[in-house]
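Q: Quick one: the structure is below, questions incoming.
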Amino acid sequence: MSGSLFADASKRLEEALKHVKITEDAAEHLKYPKASLQVSIPVRMDNGALKIFQGYRVRYDDTRGPTKGGIRYHPNVCMDEVQSLAFWMTFKCAVLDLPFGGAKGGITLDPKQLSKFELERLSRGYIDAIADFIGPNVDIPAPDVQTNQLIMGWMMDQYNIIQRQITPAVITGKPLSMGGSLGRDTATGMGAYYVIETLMPQFKPVREITTVAVQGFGNVGAVVADLLCEAGYKVVAVSDSKGGIYAKQGLDIKSLIQFKQSTRDFKAVYCQDSVCNIVEHELITNEQLLALDVDILIPAALENQITKKNAHTIQAKYIVEAANGPITPEADLILNQKGTLIFPDILANAGGVTVSYFEWVQNRSGLYWTLDEVNSRLKQKMVNETNQIWAIAQKLSISMRTAAYVHSLNRISEAIDAKGTRDYYMQ
Ligand SMILES: NC(=O)C1=CN([C@@H]2O[C@H](COP(=O)(O)OP(=O)(O)OC[C@H]3O[C@@H](n4cnc5c(N)ncnc54)[C@H](O)[C@@H]3O)[C@@H](O)[C@H]2O)C=CC1
Ligand SMILES: O=C(O)CCC(=O)C(=O)O
């Protein structure tokens, strides 16, 4: 049964349906996931005890191609969350015109509590449990929150063992040495950066006086913060799950990345000033970060960070949703009334799945691209779709979120109608 996150996700579709003509068949089809799987994964822990973990994989819609989406390791992972993330992947892949449907997976756990060997056994056990549900022409997983290249490598190896053949195209975000693509590790942050660079010049052309706050300093948040800092934007605040730091004069993101890699959380910045080149800074909470008086706010952590409870405290004029689902529909209404411009998740964080698509293409062709080729193709796609969505938003006088759904719905519904249903064959 659907829970509240999925109900919220569906509201965005309902809103878009007011502005686009699609058949009743297509609209009905998009209300439900194609298939959902919940599995119990037995893992022998290092102390000899057996522990059972819960894993999930949802394939939401495969009309436009094999389903695609990451795997998340987090204590809050549940069917409602995975289904919502798979729903968003369906629209995200269509926004970028990738030949994929949407999927997502996850395991309920705090990976920091497991040893490396326990994590490897769990990751391999997950693939054992879902092997019949995935495949290079069926469903192709990738990394998401708290999963990475190393884990994707174990998973691909396990799939190869089961299939008794080398199948690199079954998973993306793998290590380069196993068929991964150059540029996948930075792709999501870079995609968000291209969206900002495409739209911001018309609002605030001088980067040096454009202030930015980034919530979440992982694979996505750290990369977008770094690219913006390098381009001259003033990144004044960043955070992780334990809290963040703020420096009015701007942060040195490269040193912060090095610092994070060595010590794990920003709390430690206080006793390590020299490491971070931070002259004057203060420790802030995540709630304070979200409410900072900055030009651009980039939530790059988890969903439901901006809700009706804190939406009125948001001062940023532009919000770039690098995370999936960081703003609830109620908060959307409040922000829209305030005139905040939101660059929606299904566009802003689509760089990752776009380079995952490039990785899949390279695996299937056996021909590998240079980093320049990957990044220039990524830029071309991000800029092109961003401009199209902006034009739809202007033409129909709707939010960019609704415009992004309209854009993707046109593509998905065309495919659903082209495919027809089994009923038609029976008549
Ligand atoms: N990794 C990828 O390629 C893609 C990720 N995304 C989305 O981007 C978001 C971040 O993903 P990743 O960077 O890959 O994850 P990650 O695990 O690398 O990093 C997550 C970051 O968020 C922080 N965080 C966690 N809970 C927080 C909280 N309550 N408040 C503030 N910070 C918190 C963590 O400390 C960490 O710094 C997620 O919503 C994910 O679904 C979207 C597209 C692709
Ligand atoms: O790279 C991929 O295939 C999926 C990335 C992902 O999970 C996401 O965009 O939320």
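Quick reminder: no glycine exception, Cβ is built from N, Cα and C everywhere.
A quick note: this is a predicted structure, and the numbers were derived from the prediction, not measured.
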Q: Per TrEMBL, which of S241, S255, S262, S356 sits in the substrate site along with K68, K92?
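A: Same substrate site in TrEMBL: S356.
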Q: Can you give me the Cα-Cα distance between K92 (substrate binding site) and K104 (active site, proton donor) in Å, rounded to a whole number?
A: 12
Q: Could you check which of the binding-site residues K68, K92, T188, S356 have their CB within less than 6 A of ligand 1?
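A: Close enough to ligand 1 are T188.
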Q: Ranking the recorded positions K92, K104 by other Cβ atoms within 10 Å, which is at the bottom?
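A: Among the recorded positions K92, K104, the sparsest Cβ neighbourhood within 10 Å belongs to K92.
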Q: Relative to the Cβ of T188 (NAD(+) binding site), which residues of the same chain, six or more apart in sequence, are found under 8 Å away?
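A: In sequence order, N219, V220, V223, A322, N349, G351, G352 meet the Cβ cut-off.
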Q: Here are the binding-site residues: K68, N219, S356. Which has the lowest count of other Cβ atoms within 10 Å?
A: N219
Q: How big is the Cα-to-Cα gap, in Å, between S356 (substrate binding site) and D144 (site 'Important for catalysis')?
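A: About 12 Å separates the two Cα atoms.
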